[in-house]
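Presented below is the structure to which this report refers.
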């Protein structure tokens, strides 16, 4: 077999009357595979094949050297081992770690953040005796908790096969004819060359509907498209964590400055450099490691609340480090099929120029079809023949209505790529690459014309009367994104009549069919109804004209250069001329539940929505209208098939002055814009209210997501349901996967998994908003808690000769951030400023949150000033008011500190929760009890005497 890049093929056989499927011919299969040849011939033919292959490989090699870019290859059946070793082994490794890289990668992921690195250094300093302050466990334990918890939240993800899946060119050469005896002459020329295209490729997870297929592997291991298009996702980090990391750097600077100032004020006496480090450790609570512990525990609580929400059942949080990101989304990039729609098509309308049949009047089609096939009403669908049909048409020299219905329904039942598969239980399932075609075939079945059998060479139909119609498939022209149509040439085995049938998008079919005055208008009407339109047409062929076409088409199909263009030219010249327009179909893609209201709420929340789909422009535009992604009467600007930079510049200039429109752009034009005017395009596109990108490859989807992130610095959420959405989901700040009919690939690769698109409303506007607000408040309060005790330490050291001695040691320091304040402070993760109904009723509340005002430099410095004021006041007032009780100044100031924190928590709470009340009360009593059980820190007699004095 000789191939300039060949693929697994189930269709490379002789065509026309000589077409015979080799899977049904054991002798032919054996000959093709070289398994069972005549005695004495096998070895000779194999040697000849190897010699010829070597010659061909040498030729290709020389071409490669001369051209520099030619990477074509020749692959024979049963290739020698030497040839196999030239290509990579069929092994793919996609794990993130191995035994040697696990620890280095984990440590890097954790300590690349200044926050964690700072506490690592502080913890290590406690192993130096001169720097040791307090218990080592208070430094090590929280750090270990953070590292363990963050690593457990990491995901091991793999991308899906994506790039350049629509193009494949090769040839299939049969050097050995299937002969029965040595004296028999071959019935076909040797060698026989057949074309190979993307239609001959068996992709991963392909279901072979009928028969069998012989194939072999061309690309292996690292050369497979799956590996070449695999992106290795980075560990996602929330914006809140990045912001806190920045604040930590500011606090660290403050710590250094404060330590240096205190040592300088002491005149750099003694081992001043040691004192600086001791002060640094004393003030380490300014950057509290408990902040990381509290935030990580809060994320766990948020994740649990999301997964236990009964209104969004079966929602799974796969990356629990990102709940706050859900509250800051400004761009939503969504797939269409299976995400906004259910991927369930249903035929809703049939228009035939002078008459239109809606969903409620399909019974009329059934009756007309029964009459056309000569069936009585009783044998048809149980109709009473005396009942009038209600359709009165004047016969203006044309066929009567029944004949016209017969022609369009019969054409729809034949012009497709659908294969009926009989299940074990006797039911029939239709399989096809396009759900539109399945919907049309189901509709023809519902009106009485049933597809009963289909293979590569023939189609069998059952009429309303129960008789069988058999058609021979002579040629098939599959749908492509370039042609936007599909055609088929069939021969009626009973009459021998040859007919070319074609259906496709109105934009291309309008130029092919005979002149008419209704197609354009009706297509526009159906599009406004959100229906996917297909134009059905036909042309009768004579034996002579078909034979001439076949000859020219075969010559074009075996060309290696310009093959597709040559084949299209032949089809256009011989077949696609003056087609008879039969009718227009309208198919509805059912929307997901509550999609319209969900998109409206998200839009009101200030989220700009982009729809990225692999579908054609017409289909995507219909869905954009039906989902209300495009507002009523909003102008839709379509950009397609741009070729030059001047065309792009003209379109960008127009969009700059029309920012209130919805942009619909195809993948080819999108790629050209990104290549030539990336910055200008993304700057304009991100200002538009809605963008629909059609014919997007999965790689383009991911590129768009990254580009929006990098250009706008805003949070981007991507949602999809299929394997082709995995790259986009992984490229987003937040990836949401829908468990749908296409499997769980998107769900497993995503950060959040849902079962319906409408769940986004609750996920973002309620859980996301709450998570961000709560974490922002919690973070600032924990920083306040650390700052206030550090300020007290600074005041204490300043008063007592700038000595680097800890104000609170041992249990007091450990208990302050745990037993005495942990529960009340952490209870802030249950706070909420508004109830759920109000948050969903007024999505504008979410829009306000995306501005980042909840946690900003302004709020940070406000809390810093509060901490400085309270810390200084508590320490100074304790020294002034209890001047005579200096030995108890630690207990006095610490008590005031704990009570201050409990009061501050109570003041910060907006909506009280039962846990908040319990945590406040229980913490207060725990502290009161500890006064009696910690005599080394608290003088109980002093406390009781003070109480008696105040009581007296």
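Using N, Cα and C of the backbone, Cβ positions are placed for all residues, glycine too.
Among the residue ranges 157-178, 179-200, 201-222, the one that TrEMBL annotates as transmembrane segment is 201-222. Each residue contributes its Cα atom, and for residue 335 (ATP binding site) and residue 721 (Mg(2+) binding site) these two points are 8 Å apart. Using a 10 Å Cα-Cα cut-off from residue 721 (Mg(2+) binding site), the binding-site residues that qualify among 337, 479, 695 are 337.
If you draw a 10 Å sphere around the CB of residue 337 (ATP binding site), it holds 23 other CB atoms from the protein chains shown. By number of Cβ pairs under 8 Å, the transmembrane segment (247-265) is matched best by 271-291 from the list 271-291, 860-880, 886-907, 914-934.
When each of 808-830, 860-880, 914-934 is scored by its Cβ pairs under 8 Å to the transmembrane segment (886-907), the top-ranked stretch turns out to be 808-830.
Here the transmembrane segment (860-880) has long-range neighbours at 247, 250, 780-781, 783-784, 787-792, 795-796, 799, 886, 889, 892-893, 896-897, 900, meaning same-chain residues at least 6 beyond its ends whose C-beta is under 8 angstroms from one of its own.
Here the transmembrane segment (914-934) has Cβ contacts under 8 Å with residues 811, 815, 819-821, 823-824, 826-827, 830-831, 891, 895, 898, 902, 905-906, 940, 943 of the same chain, all six or more residues outside its ends. A Cα-Cα distance of 13 Å separates residue 695 (ATP binding site) from residue 725 (Mg(2+) binding site). Spatially close to residue 725 (Mg(2+) binding site) yet at least six residues away along the chain are 335, 339, 698, 701, 718, 719, 737, 746, judged by Cβ distances under 8 angstroms. A C-beta separation below 8 Å, combined with a sequence spacing of at least six in one chain, links residue 614 (ATP binding site) to 337, 694, 695, 696, 697, 724.
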